[in-house]
């Protein structure tokens with residue numbers, strides 16, 4: 001049992017400073033699987049070490065994707081480990097052999113959580129979702145479903161379901177992305193509107209967007225060059241803009 005603070009410090013450096021120097025990295029399997037099951041930020045930090053054990057040391061984790069799916073909650077768009085989490089999520093969902101129902105569940109959950117995400121997170125996750133559609137064309141039914149639910153309450157997707165295979169995501173549609181097309185931030189609305197068009201085969205590079213901050217977004221807006229639009233202005237001379245109308249005899253603007 002480790003204090004929470006120490007737990008996080010160990011997990012942050014484990015994949016870089018500990019596992020590569022161990023004769024038997026598999027000895028860390030129990031430690032990492034227990035950490036992965038704790039939830040919250042600790043689970044996010046355990047992903048790096050688990051990825052190395054799965055990828056390089058043949059660790060089998062049957063419920064890995066189920067647990068990964070359950071980590072998707074509103075906090076993922078706000079935690080300081082967001083960049084690391086989405087980098088690894090991108091790796092885990094990169095295989096074209098993943099079943100369509102699983103990828104559709106991740107797309108749908110990320111889209112639902114995006115409704116309350118800040119703009120800097122949305123500018124990262126929308127291209128991320130587009131990349132998932134490029135890798136898994138079978139999920140395009142979420143965008144191009146002709147008879148999708150007209151009312152949000154009729155959406156068959158079960159947000160509370162922790163098992164992606166039972167979430168009924170493939171029966172749903174992405175009304176959430178359509179809602180984001182009316183977002184107050186023009187860049188977010190533009191990014192969400194990309195799904196209305198045919199996606200290119202080349203994936204978007206999201207590496208530069210993973211650590212995008214609200215400060216950078218604000219700074220970019222402030223430094224935008226504004227165009228002076230010439231306006232024709234005629235000073236008002238009467239109540240309805242005319243100099244000698246009947247109202248000017250009886251009313252004044254002073």
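Glycine residues also receive a Cβ, built from the backbone N, Cα and C atoms like all the rest.
A quick note: this is a predicted structure, and the numbers were derived from the prediction, not measured.
Within the listed segments 7-30, 31-54, TrEMBL records transmembrane segment for the stretch 31-54.
Checking TrEMBL for transmembrane segment across the ranges 85-107, 108-130 points to 85-107.
Mean pLDDT, taken over the domain 'CCAAT-binding factor' (43-192), works out to 86 on the 0 to 100 scale. For the transmembrane segment (85-107), same-chain residues at least 6 beyond its ends with a Cβ under 8 Å from one of its own Cβ atoms are 44, 47-48, 51, 64-65, 68-69, 71-72, 76, 79, 124-125, 128-129, 131-133, 135-136, 138-139, 142, 164-165, 167, 169-170, 174, 206-207, 210.
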